[in-house]
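Scroll down for the structure; my scribbles are underneath it.
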Amino acid sequence: MIGRISQPLLNTSQKFMAPAARTLMLHEHHGMKILQNYEIKVPPFGVAQDAETAFSEAKRIGGKDYVVKAQVLAGGRGKGRFSSGLQGGVQIVFTPDEVKQKAGMMIGANLITKQTDHRGKKCEEVMVCKRLFTRREYYFSITLDRNTNGPIVIASSQGGVNIEEVAATNPDAIVKMPIDVNVGITKELAHEIAVKMGFSKDCEQQASEIIEKLYQMFKGSDATLVEINPMAEDVNGDVYCMDCKLLLDSNAEFRQAKLFDLKDKKQEDELEIRAAAANLNYIRLDGTIGCMVNGAGLAMATMDIIKLHGGEPANFLDVGGGATVEQVTEAFKIITADKDKVSAILVNIFGGIMRCDVIAQGIIQAARELDLKIPIVVRLQGTKVEDAKALIATSQLRILPCDNLDEAAKMVVKLSNIVDLARATNVDVKFELSI
């Protein structure tokens, strides 16, 4: 519920690589419904788009203990905060009236978590579920492992907490089992996993059956991640999946049309939608230095070196290996869409398949179309690099070339600081470069 696995295998840097895989994340309540379709036990729940409906759902569910969960596509909800002042996107309450009150504070407000930017994401609906009293909680997930090129089970006897913290402080509590995709999870393997997770003897059979069904769900929905945190034994000896995080492979949209119809476009960043339409891998971040790079690994290294020199990247943007002039121009338009935020741009291209002269043409076209006033530092190496340098040199634009990445990062951070200082004091700054 609180901690989430970073794909793959607890590698926290993978959050910047998500667009390369292009996955679809479904809301928790959709995941819970899919669990039910596979005859997996979940707590009684309902979904509401307003406070009155939340009250009605609580009355329908019955009982005296409820959990109200904000439905936003971001991790860290439990420790998040709302623009309405409410602390926490997961609230435990005891009456339908309290359900109504908390839902009213969530719906329509923005939830800011460690996985959102400073604006957060708007909560359009809440999930109301019956609070079950558990005696033991476990962590279970199936994801894709690049090392074995197949599914892998990652599980733990410690659930309901941040699994990355468990991996760091008590790695022996983590169970990792690669799965042969040609065989899947057999009854015997499911039982072995349940035993290693530490289920009580009375619950081993139930847990084994759920693990088998979760693999069927993973495969049947073309998922890249099925995560249950926690999977729990209740006081009556029943095993439940208390929540569900489900990521689907966008390459399978053609055969998972019903699931992809569940996509919540309102939760997607408008710039990320534009980037995807242009076949660009883009994630908006909170910094001030725009980045345009080819290759996810080089893009992450570029962001690291910007931070090393005291700057903050405004985005992750991988133009890929076959970008056109039009794509490069669109990339600049996306980077500079928030004109009051981005104060400098670093272009870092290592031309292999990607030709540096194409990048240069795109930079020049974008700088002219957008009449860019902010400094642009360009580091180009590789295929057609001399042609690219010649294009930039004859463009009569104030683009700052730099062959050394470390020096380029230092330069863009200094220039960004100058622009930020000028903006803070309401002073216009113009950069001149001797030609």
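Just so it is clear, glycine is given a Cβ too, placed from its N, Cα and C backbone atoms.
Per Swiss-Prot, the substrate site holds Gly352, Ile353, Met354; the candidate it also names there, chosen from Asn281, Asn294, Asn417, is Asn294. Taking Gly76, Arg77, Gly78 as the binding-site residues under consideration, the smallest Cα distance to Asp65 (site 'Important for substrate specificity') is found for Gly78. Annotation note: Gly78 (ATP binding site) sits in a helical segment as assigned by DSSP. Between the CA atoms of Gly78 (ATP binding site) and Phe133 (site 'Important for substrate specificity') there is a gap of 18 Å.
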